[in-house]
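The structure that follows is given in the form of structure tokens.
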Amino acid sequence: MPSYLIAIAVGALESREVGPRTLVWSEKEFVDKAAFEFSETETMLKTAEALCGDYVWGQYDLLILPPSFPYGGMENPCLTFVTPTLLAGDRSLADVVAHEISHSWTGNLVTNKQWEHFWLNEGFTMFVERKIAGRMHGEATRNFSAIGGWKDLRDCIRSRDDGKDPLTCLIPDLTGVDPDDAFSTVPYEKGHTFLWYLETLVGGPSKFEPFLKAYLDKFKYQSIDSDIFRNFLFEFFADKKSVFDVVDWDAWWKTPGMPPIKPEFDNTLAVACTELCQRWVKWDVTKECPFKSTDLDTLSTNQVREFLALLLEEDPPLSVQKLEKMDDLYSMSERNNAEIKFRWIRLGLKAHWTDQVDNALKFVTEQGRMKFVRPIYRDLYNWPEMRSHAIATYEANKNAMMHVAAYVVAKDLHLRK
């Protein structure tokens with residue numbers, strides 16, 4: 001039997017109990033902060049059990065890894081590894097824990113047979129993660145997260161030959177391809193969108209959630225592929241199999257680029273983000289500034305994150321003058337939330353704001369999460385005057401990065417094919 005998700009951690013570690021089946025482990029400097037950040041773990045576990053069935057692994061512990069850890073989390077059974085970039089101080093990034101908890105069923109209990117079918121792990125896990133968020137915080141929160149995921153998917157696909165890269169297929173052909181080269185947002189968000197679409201076709205959550213639980217029970221302790229999933233879908237919904245006649249399976253599974261259909265997400269929580277974004281875009285800087293330091297007070301941390309993500313999509317990018325004013329009013333450069341810092345740095349790089357270069361280089365060397373370091377290195381590479389700085393920083397720090405991160409960043413910087 002091939003090994004899968006076997007990991008060993010060694011260090012000067014302490015733990016805190018945050019639930020009846022959960023200890024949080026970390027070096028002593030971070031353990032209390034981590035215990036606060038992940039104090040909702042038991043609620044997430046119970047919510048996941050209601051969706052997916054009993055949690056079969058007994059203990060669910062969390063370990064905070066060193067900053068070089070290249071992933072948000074890794075779902076090792078019984079002991080999830082997580083990045084310290086989740087320690088935001090307000091639990092706003094704990095959705096990653098919901099994601100890793102979801103893997104206890106989708107990935108660990110039912111596993112993709114080959115890496116071509118990785119979406120069966122990650123697409124399902126994003127789907128369950130957002131189901132957990134919906135049950136804990138309301139359906140508007142689930143939809144808001146899905147809107148952000150769609151945006152992340154679009155950004156990813158644009159960066160891969162503008163959607164022509166065959167590795168943006170939901171089921172890519174990996175013949176002769178290193179699976180690390182195929183790793184991207186696609187199996188996560190394209191897979192999630194596909195499941196959302198199927199749920200809509202069959203009549204919504206009340207119809208699809210029983211299928212989800214039956215699917216996980218049927219294939220527990222097995223490795224499967226996409227055809228096995230589809231056959232069970234048809235079997236479970238035998239009385240309404242005709243609803244799947246409209247599904248273009250080749251377009252969803254075997255065609256590169258964005259999904260063929262975009263679901264209608266509830267944008268209730270996104271409206272304020274969009275409105276503030278457009279006010280900044282349309283502001284004529286020759287006129288009086290219409291913004292106040294209190295503009296963000298009514299927005300959640302995740303709405304601030306979405307506001308910045310919307311600004312990142314603007315072409316041409318927001319000017320340096322506007323970014324400087326935004327920083328004066330909102331103190332964006334002083335925020336420690338990694339997701340907000342990441343987007344703020346990228347806004348500066350896209351505007352060719354030289355003051356942000358040192359912040360960008362510091363950010364990619366003080367942590368190694370691929371979600372953050374890859375786009376920032378690519379932004380620096382695409383700024384001709386800063387390209388040499390990006391390459392020099394990478395060369396000086398590559399030995400401190402985990403192999404997979406160093407490997408893919410070298411490709412992003414065109415240092416290897």
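Cβ atoms here come from the backbone N, Cα and C positions, even for glycine.
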Which of these, GLU116, GLU122, does TrEMBL say binds Zn(2+) at the same site as HIS99, HIS103?
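Matched candidate out of GLU116, GLU122, per TrEMBL for Zn(2+) with HIS99, HIS103: GLU122.
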Rounded to the nearest angstrom, how far is the Cα of GLU122 (Zn(2+) binding site) from the Cα of GLU100 (active site, proton acceptor)?
10
Could you break down the residues of the domain 'Peptidase M1 leukotriene A4 hydrolase/aminopeptidase C-terminal' (268-413) into DSSP helix, strand and coil, giving a count for each?
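Counting residues per DSSP class in the domain 'Peptidase M1 leukotriene A4 hydrolase/aminopeptidase C-terminal' (268-413), I get 103 helix, 0 strand, 43 coil.
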If one measures from the C-alpha of GLU122 (Zn(2+) binding site) to the C-alpha of TYR188 (active site, proton donor), what distance in angstrom results, rounded to a whole number?
5
Would you mind listing, in sequence order, the residues at least six apart from TYR188 (active site, proton donor) in the same chain with a Cβ closer than 8 Å to its Cβ?
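Within the chain, TYR188 (active site, proton donor) has Cβ neighbours under 8 Å at TRP119, GLU122, GLY123, THR125, MET126, GLY149, LEU153.
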Cβ within 8 Å of the Zn(2+) site's Cβ centroid: which residues qualify beyond HIS99, HIS103, GLU122?
GLY73, GLU75, GLU100, SER102, THR106, GLY107, ASN121, PHE124, THR125, MET126, GLU129, TYR188
